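Shown next, in structure tokens, is the structure this report addresses.
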Amino acid sequence: MRKKELKLVVTFHTTAEAMALEKAAKERSLLGRMIPVPRELSSGCGISWTSPLELREELLSLMEELQIEKDEIHEIMV
Amino acid sequence: MSVANSKWKLLVIGAICGLIAVCLAIFGNPANMAFCIACFIRDTAGALGLHQAEVVQYARPETIGLVIGAFLISFATKEYKSTGGSSPMIRFILGFCMMVGALIFLGCPLRMILRMSAGDLTAWIALIGFILGIGTGVIFLKGGFSLGRAYETSKLSGMVISLLSLAILLLAVGTNLLKQSTAGPGSMHAPIIMSLIGGLLFGALAQKARICFAGSIRDVILLRNFDLLSAVVGLFVVMLIYNLASGNFALGMNTPGIIAHSEHLWNILGMYVVGLAAVLAGGCPLRQLILAGQGSNDSAVTVLGMLIGAAICHNFGLASSGTSVNPETKELIKGAVTTNGKVACIICIVVLLVIAFVSKRQTKAASN
């Protein structure tokens, strides 16, 4: 079982946006993974992306570059 | 807020949902159909006169309770949000296809689990199709499948499905306008108040725990995450214990009286359709009712697709028949899938694959 840590969690309006970010992050070797949207963030059952806190700026610029539309970005224990 | 964020809590919530199903079975619902979204929407379609199959007409308070229960809990916890605009008519088709697949198999994923817990091997075989359907959906998700995002709409719009459900309930208890079966599965039901309370509780719990039979397997395949599956396991275990204790457990196929058939290929393909459609729509039939209750207009349209799909299934002879015993000769009459049902199932698979192929994520630049 993974130990919970404070991390970035990016939520999206559609699953496809999460998939697009995963693909781009893998291509650029950015640390992170897809997880179900944490229950405390949403009653929806979509998919979110989690990364270490220090990758915030890199993730934001990557999403802007590739026009990946996020919903919100949070810092929570996951 | 975080009442449902660990595997154990989800397991317990699933178990409570199982207990609700047990109570409904004890008090009159068909044993392995204690809670079935497809069957209950089909029965409600019959009660409204949308189809004329006399043995499956009854406005099931459980489905009404599910929607209103999800609405009330989401409203109380400030999670109610009216949204819409994510390809609603495609979602109508997805709901329609889900119902065709479910009525070929004879049950939604929830009933599949109930049948599995009663030893029905045909349901275990159908599970293969359900997993394959979800797996196919996951491949398309990975390939960029998207129906587009939903936007916030007027608060009232998201409440319409709950108000319509309430209207059906009022018609059922206050008038004799609705049809009601006097024989067959539609005549077997728990008292209205018990069904309604069961539905409300189930709906509220399913909203908190985000119970989804398709989503749970999708998460395992796509994310290696077993959280949502915990609730399904809890429900299965409680029903298994109940079936073993009550003597309802009968391991085998062609068991008369359980409203199932042994045409394995079509059980697999029927649930394949349900699994694929559910992943594309973002939730199984149960989840669609819950999302509709908490304000999703898109899910409400999917529910309407299921309602019309149920009516068409019976009007056009697409629904399968269950294995039974001739009361006079005591001969076993094997349940069967109709030719129309087989054709419809193939058409649904083709339609779903076309939808999955053509609905791709679009960036702002591409859509301008």
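Backbone N, Cα and C atoms are what each Cβ position is placed from, and that goes for glycine too.
Curation plays no part in TrEMBL annotations; they are all automatic predictions.
Straight from TrEMBL, the features:
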{"type": "TRANSMEM", "residues": "B:89-112", "note": "transmembrane segment"}
{"type": "TRANSMEM", "residues": "B:124-144", "note": "transmembrane segment"}
{"type": "TRANSMEM", "residues": "B:156-174", "note": "transmembrane segment"}
{"type": "TRANSMEM", "residues": "B:186-205", "note": "transmembrane segment"}
{"type": "TRANSMEM", "residues": "B:226-245", "note": "transmembrane segment"}
{"type": "TRANSMEM", "residues": "B:265-286", "note": "transmembrane segment"}
{"type": "TRANSMEM", "residues": "B:298-319", "note": "transmembrane segment"}
{"type": "TRANSMEM", "residues": "B:339-358", "note": "transmembrane segment"}
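Outside the transmembrane segment (B:265-286), and at least 6 residues removed from its termini, the chain residues within Cβ reach (under 8 Å) are 37-38, 41, 66, 91, 94-95, 97-105, 108-110, 112, 122-123, 125-138, 140-141, 145, 147, 206, 211-215, 217-218, 299, 302, 306, 320, 337, 341-342, 345-346, 348-349, 352, 355-356, 359. Across B:89-112, B:156-174, B:339-358, stretch B:89-112 shows the highest tally of CB pairs under 8 A with the transmembrane segment (B:298-319). Listed as Cβ neighbours of the transmembrane segment (B:156-174) (distance under 8 Å, sequence separation of 6 or more from its ends, same chain) are residues 44, 47-48, 59, 61, 63-64, 67-68, 71, 80-84, 192, 196, 292-297, 300, 303.
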